[in-house]
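Asker: Structure below; questions to follow.
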């Protein structure tokens with residue numbers, strides 16, 4: 001009996017140590033709304049954001065602010081009819097009208113339709129830089145990795161191992177370069193906007209809506225502090241020819257919206273950077 005108890009205790013201790021070693025939420029983030037945690041079979045901490053009509057939005061927000069870095073997380077999105085919901089992974093300097101922001105926003109869908117990934121960049125309050133893509137897989141069936149690389153030359157968006165967008169810095173044009181930003185993950189009601197331009201709102205009978213996050217990674221320069229070891233890898237990162245090939249593939253095969261093609265939205269002329277790529 002004693003040996004059996006010790007064996008069970010050893011297994012439990014090992015699992016506890018593994019979970020503790022891979023825990024990242026409490027150490028690096030504050031939370032809002034209904035946020036639950038657990039661990040998968042490998043000991044990875046899984047953070048679940050929950051949205052229902054009573055609880056409202058949920059999220060976690062980094063305790064530290066960053067000025068440049070590489071940030072990634074694995075997400076498993078809402079299964080079934082998620083119309084009207086917005087699940088996010090993004091950086092932001094705040095809520096003011098002059099904010100900087102780098103967005104990966106997953107706009108919920110009605111059952112059977114692709115989930116749309118909205119990428120966007122705001123600099124000194126200047127936004128409206130959206131590239132939107134239909135995801136080419138079911139993002140609710142399993143975890144996929146979403147990455148933002150932000151350096152002084154460009155902002156890169158990556159899905160799993162594929163780069164899908166590069167937002168370049170051009171002389172004389174706004175670019176996020178001076179305002180430290182916090183990292184955020186949120187789930188909220190975007191019925192007015194998210195699905196088919198707001199035509200399909202949330203069906204609350206499908207609640208609670210749950211998005212799961214795991215395996216958070218950041219190698220970044222902390223505001224007021226030093227850059228992490230290995231920062232040269234992303235600080236100087238620009239796309240090579242093969243990586244530009246995956247961007248063109250995503251644009252050709254899955255792009256739903258490109259602000260550079262929206263003359264109706266910009267009657268005074270398409271934004272200047274559009275002609276420089």
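Cβ coordinates come from backbone N, Cα and C, glycine included.
Annotations in TrEMBL come from automatic prediction, not curation.
What TrEMBL records for this protein is below:
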| type | residues | note |
| --- | --- | --- |
| SIGNAL | 1-21 | signal peptide |
| DOMAIN | 20-213 | domain 'GH16' |
| ACT_SITE | 101 | active site, nucleophile |
| ACT_SITE | 105 | active site, proton donor |
| CARBOHYD | 109 | N-linked glycosylation site |
Asker: Using Cα coordinates, what distance in whole Å links residue 109 (N-linked glycosylation site) and residue 101 (active site, nucleophile)?
Answerer: 24
Asker: On the 0 to 100 pLDDT scale, where does the domain 'GH16' (20-213) sit on average?
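Answerer: For the domain 'GH16' (20-213), the model's average pLDDT rounds to 95.
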